[in-house]
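What follows is a single structure, written as structure tokens, with notes after it.
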Amino acid sequence: MSSSPMLGGIADRWRELHGQDSWNGLLDPLDLDLRSSILSYGELVQATYDSFNRERRSPHAGACVYGHGDLLAAAGASAAGSYAVTKFVYATSGLPVPEAFLLLPLPSLLPPAWSRESNWMGYVAVATDEGVAALGRRDIVVAWRGTVESLEWVNDFDFTPVPAAPVLGAAAAANPRAIVHRGFLSVYTSSNKDSKYNKASARDQVLEEVRRLMELYKDEVTSITVVGHSLGASLATLNAVDIVANGANCPPASSSSSQPPCPVTAIVFASPRVGDGFFKAAFASFPDLRALHVKNAGDVVPMYPPLGYVDVAVKLRISTSRSPYLRSPGTIETLHNLECYLHGVAGEQGSAGGFKLEVDRDVALANKGVDALKDKYPVPPRWWVSKNRCMVKDADGHWALHDFEQI
């Protein structure tokens, strides 16, 4: 078994692994380098969950616990040395959304809250020089966080269809019937003049940073990878097409760079359906755009919204129910959990059936945020917690909450 999700021939094969040929011949059986690449990107998404402050008694609820410099290492991402976080992304919504998506400090808290309107929604990162050597190019990653609470949001979210024009750029004229999910689009495009963190929308924050990085590395071979899980997967889908449709994957027109537009790939896990068939056609019309959707058998979220919406991505089907390490049948929670998804990717055997870990991925991670492992494994459920829940004894002998570094 490979000892690291970053080992293998990724540097030499990155265009193929990034979807240049729509992953033809790579999914069944699942190519080892592609498997490793998916796991690495999945860990970059998992870092958004492991770094998110979900303690509503904290004035920093809804923010990131860590700073740019230590987020990936503190969250345990194996690619921590291969990427540097360059920007945090914050989101709000112009529509009412479930608490599972925007988590805010308790109204009764005495210390001033960091924000009453916004949440930390992810980050932009770029490959370090070490990462370039491992990846074969300067990869820009946009990682979107999903929900942190129950799955009840699938029944409560606003599934009203609205025109997809805001993310289709000039292609909107050729695709006037393309529609997307109003709730997802609202979180992606909303700003709030009263919020310090969302005077610009999440969309504008990301596009500005991607353009800055494309300018900085205009003479290098680059790629853009947009990743997310659950609701974050929906935002990643909107973001990926938006980047291409509005030319953010191109070197700046004012530069003398000879580099062509770089490929943009969305790698998403457990994604709800974002748009209709016309949106899928619009998505497919961009030659530099690809999307791969990892979908677990039995997970209900990819079936929502149930009517009028379709999946735009190439599907990689997995089944965690085949794993001999996990309880079977799984629960709604475990079948949707990202760490369980990554466990499934590590062992998926496709049409051959069965389950075999092809990379050395610790099975204990499956219990990181849920109760998925069989009882014979000595791993407590939901074991990922900050030491003393971020309570620290100060020099004066009093305990205080230290749960943020950088906003």
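Using N, Cα and C of the backbone, Cβ positions are placed for all residues, glycine too.
Taken from Swiss-Prot, the feature active site, charge relay system covers Ser230 (among others). For the recorded site, Ser230 (active site, charge relay system), the DSSP three-state label reads coil.
Proximity of Ser230 (active site, charge relay system) to non-local residues of its own chain (separation of 6 or more, Cβ distance below 8 Å) is seen for Gly146, Thr147, Phe269, Ala270, Ser271, Pro272, Val301, His336, Leu338, given in sequence order. If you look up Swiss-Prot, you'll see Ser230 marked as active site, acyl-ester intermediate.
According to its DSSP assignment, Asp299 (active site, charge relay system) is coil. Feature annotation from Swiss-Prot assigns active site, charge relay system to Asp299 (among others); the stated evidence is sequence analysis.
Summarising the annotation, Swiss-Prot assigns active site, charge relay system to His336 (among others) and lists sequence analysis as the type of evidence.
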